[in-house]
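Asker: The feature compositional bias 'Polar residues' is assigned by TrEMBL to 1-13. TrEMBL lists 1-21 with the feature region 'Disordered'. Here TrEMBL flags 30-53, 65-84, 96-118, 124-148, 155-173, 188-206, 218-243, 263-289, 296-315, 321-341 as transmembrane segment.
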Amino acid sequence: MNNSSSRSSYHNQTTEEDQKSMTNKRYLPLLLLNYAMLFVGSLSSSLLSKYYFNHEGSSRWVSTWVQSAGFPLLVIPIVLPYYVFNTTQRKPFTRFTPKILVLSVFIGFMIGINNLLFSWGISYLPVSTSSLVLSSQLVFNLILSVIIVKQKISFMNLNCVILLTLSSVLLALESSSDKPQGLTRAKYFIGFFTTIGAGLLFALYLPIMEMVYKKVYCYAMVMEMQLVMEVAATALASAGMAFDGGFAEMRREASQVFDRGERVYWATVVSNVVSWQLCFMGTAGMVFLTCSLTGGICMTALLMMNVVGGVVVYGDSFGGIKAVSTVMCGWGFCSYVYGMYVKNKMIKHLEHHHDGDDGHDHDHDGHDFDDHDHKNVEMSQNVASSSSTPNHFGV
């Protein structure tokens, strides 16, 4: 009886692990769903945050709080699959150890600080500028990935990093002509460097999460960890708001300050809460299903969309330097995607070549490799963009 139960438990865990494999029928839909959430959340949250500040909203604590206050939405992907749809046999929070809880709370506080830095940056900088500056997180992401998850440096990812770094430097040189009316040079640079700080913390978050997710065996647990993180980040923001009178300020802003009226104010706040939660859910899912560097690259691609959104919606200036910066950002992104394409093509070839053979090792994504395959994959990682494990960029 115990052996049968053990086999059943192992089968259930293996089924959940297959979510990371491209051979699983749920992999691609899950990946596309997470990228869609990331796309919608990133673009809308950036524009809505700027809308809040453009119409006399001034509390950076409020802007920080809305980035994590949507954590109750995470109950939906955690509870529904087990209790409503019966699509999984894993009960919510199974194997959610005290160690995972402590890690989640710590990372949640880190996210809370990152949210505050982002709020400072977006309150001072145009959306297009803050989006391009945030693209520098990829530089930090690569460096920290090398240190934390032993990311291999290749020509493709190094080329991407250099182009994005130069892109951000060009924006700094354009600062004198890009400042909004009434904004001092000092405040502009406060916004610029707090945005850089937000990018650094986010870049640290990604490889840390990749390292943690190596011990996580299903997407549901990713959402459970995300719930704890967002609760911790919200607690930090709520403490800051309570200390600084932020909740009273929120009510005063709604009734007296916000120039679009109270209803639009609360609609903006609620929309911000939802959009930020979509963004964080999509990011966590992308890192789980692929790797931290791929997640950072996807964020960079969306930052380019934020630049376009800022120009279209708010009429942000888009001079020659910013145009060159955007092109360089796109160039770097495309070079990385090409590197991923080359690597995945080689891995698929190896899988096809050894299909049906027995006695192979299994990697954590469910692919079969022998020693020779591991050497070939390592060679492919030296000529193309690579991750610490042979995950896939499946979009």
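Heads up, the Cβ atoms here are built off N, Cα and C, so glycines get one too.
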Asker: May I ask for the residues of the chain that lie six or more residues beyond the transmembrane segment (296-315) and have a Cβ under 8 Å from a Cβ within it?
Answerer: 35, 38-39, 42-43, 46-47, 50, 54, 126-128, 131-132, 134-135, 137-138, 141-142, 160, 164, 202-203, 206, 283, 286, 322, 326, 329-330, 332-333, 336-337, 393
Asker: Excluding the flanking five residues on each side, which residues at least 6 beyond the ends of the transmembrane segment (188-206) place their CB within less than 8 Å of a CB in that stretch?
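Answerer: Counting only partners 6 or more residues beyond its ends, the transmembrane segment (188-206) has Cβ contacts under 8 Å with 107, 110-111, 113-114, 117-118, 120-125, 129-130, 133-141, 143-145, 168, 171-172, 175, 178-179, 283, 287, 292-293, 295-296, 299.
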Asker: For the transmembrane segment (263-289) against the transmembrane segment (124-148), do we get 3 or more Cβ-Cβ pairs below 8 Å once near-sequence pairs (under 6 apart) are dropped?
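Answerer: No, these stretches are not in contact.
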Asker: If you count Cβ pairs under 8 Å, which stretch among 65-84, 96-118, 124-148, 218-243 touches the transmembrane segment (321-341) the most?
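Answerer: The stretch with the most contacts is 124-148.
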Asker: Considering only Cβ pairs within less than 8 angstroms, which of the stretches 65-84, 96-118, 124-148 has the most against the transmembrane segment (218-243)?
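Answerer: Between the stretches 65-84, 96-118, 124-148, 96-118 has the largest tally.
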Asker: Using a Cβ cut-off under 8 Å, which residues of the same chain at least 6 positions beyond either end of the transmembrane segment (65-84) come close to it?
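Answerer: Contacts of the transmembrane segment (65-84) (Cβ under 8 Å, skipping residues fewer than 6 from its ends): 45, 90-92, 108, 111-112, 115, 118-119, 219-220, 223-224, 226-227, 230-231, 233-234, 237-238, 241, 246, 269, 272-274, 276-277, 280-281.
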